[in-house]
Amino acid sequence: MSAIVAANSPRVGFVSLGCPKALVDSERILTQLRVEGYEIVGGYEEADVVVVNTCAFIEAAQAESLDAIGEALDENGKVVVTGCLGTKGDLIRETHPGVLAITGPQDYEAVMAAVHAQCPPPARDAFTGLLPASGVKLTPRHYAYLKISEGCNHHCTFCIIPQLRGRLVSRPVDQVLAEAERLVGDGVRELLVISQDTSAYGVDTRYAAAEWRGVPRRTRMTELADALAELGVWVRLHYVYPYPHVDELIPLMAEGRIAPYLDMPLQHASPRILKAMRRPAGGEAVLERIRRWRQRCPDLTLRSTFIVGFPGETEDDFQVLLEFLEAAELDRVGCFTYSPVEGAAANALADPVPEAIAEQRQARLMALQAEISARRLARRVGTECTVLLDAVDGDAAVGRSQLEAPEVDGVIHLRGAEGCAPGQWVPARLEDADEHDLYGRVL
């Protein structure tokens, strides 16, 4: 649970589950709670009501969310459910009939109404209501997620996100940039741009323009990245599909304006499986694009995720994926076994892959990727880079360069960090590496 100490007032416990997009939703709810004078507490027993922000992306996430709701009911008894699992109200009521209220994702007003019904907001205090301009954040002070859109226009057969969060709705570019400016003003040094499909940003608005800092800016990924670069902090892009217009970002990376880093959820490389998944692009086209990108920006770091054991996946399909990984030499990879989700079109596909085989393929893929990641990291030994410190303990520190995202990638372990502090940029020399992390010293 998230703990934020405030003045004496009605107390709300909060559980945030799921992806960074859901984390941003939690931050928005927490900010509104604090603005209205509620105290956010870290224990169930001291809360007047508990809000659980849930996930429903895969069955395991649904089970975790139901368990969290049950724990909150057992420990407190007064629970408001929100988030993606909130779209499955019948399931929640059947499993936990005692919940006070259920709302879907982004339904902030309904969450607040449910909290008000259980414990009305206190009289406002001009001093206890003060918050940083950027509101309540659940990340360390030096980095923050910047959500630029909601929903998705894709119809991937394994995914129900469009059912949960709707079609693509892009935030106006001036609002996104104003939020980014507030975050930087509050000490953020790294902006992690997120959405369900970052590369589709602005499609729904026909790339409408809005003014920021006296200059018209279009609601489009490249223009947004270019404007964010003016803030003088690291800008990292996540959830980017490899569309042709992504090519426009590479010069910004090569020039050092934004982090030379792309998080692309490719999911597979076999044309047959990609077609069954209804995913854009094929392995060969992506390989050619990666070659061009690295030619223009040699420091480019690529992260992706893949699904193995998708219905109908044969050993030949899996070999195509392994060959793609060898050729692409991606820096960081996550791999999941296929998990059926209620409402997903893939549930109707023939030839399900036995769980044992899917798990074997996952292990084989990750073993291969460990070798690839080790080779990629070894090439950085002997170089110097700027590291953003996440934690400091005496002489030792842990941080990341522009080539490592928080929470999902490896880290850089440093010596010689006396007097340094989290959130500080330091120059470092890299001296060793393994398949996940780098090791070095502060210069």
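Even glycines carry a Cβ here, placed using N, Cα and C.
Features as listed in Swiss-Prot:
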type	residues	note
BINDING	CYS19, CYS55, CYS84	[4Fe-4S] cluster 1 binding site
BINDING	CYS152, CYS156, CYS159	[4Fe-4S] cluster 2 binding site
DOMAIN	10-120	domain 'MTTase N-terminal'
DOMAIN	138-375	domain 'Radical SAM core'
DOMAIN	378-443	domain 'TRAM'
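Secondary structure by DSSP for the domain 'TRAM' (378-443): 1 helix, 33 strand, 32 coil. Of the recorded residues, CYS84 ([4Fe-4S] cluster 1 binding site) and CYS156 ([4Fe-4S] cluster 2 binding site) place their C-alpha atoms 17 Å from one another. Counted over every protein chain shown, other Cβ atoms within 10 Å are most numerous around CYS55 among the binding-site residues CYS19, CYS55. It is 16 Å from the Cα atom of CYS152 ([4Fe-4S] cluster 2 binding site) to that of CYS55 ([4Fe-4S] cluster 1 binding site).
The record gives CYS152, CYS156, CYS159 for [4Fe-4S] cluster 2. Within 8 Å of the mean position of their Cβ atoms, the other Cβ atoms in that chain belong to HIS154, HIS155, PHE158, ILE160, ILE161, PRO162, GLN196. CYS159 ([4Fe-4S] cluster 2 binding site) and CYS19 ([4Fe-4S] cluster 1 binding site) are 14 Å apart (CA-CA, integer value). A Cα-Cα distance of 18 Å separates CYS156 ([4Fe-4S] cluster 2 binding site) from CYS55 ([4Fe-4S] cluster 1 binding site). The distance from the Cα of CYS55 ([4Fe-4S] cluster 1 binding site) to the Cα of CYS159 ([4Fe-4S] cluster 2 binding site) comes to 13 Å.
Non-local contacts of CYS159 ([4Fe-4S] cluster 2 binding site) by the CB criterion (under 8 A, 6+ apart in sequence, same chain) comprise PHE57, CYS152, VAL341, ALA344.
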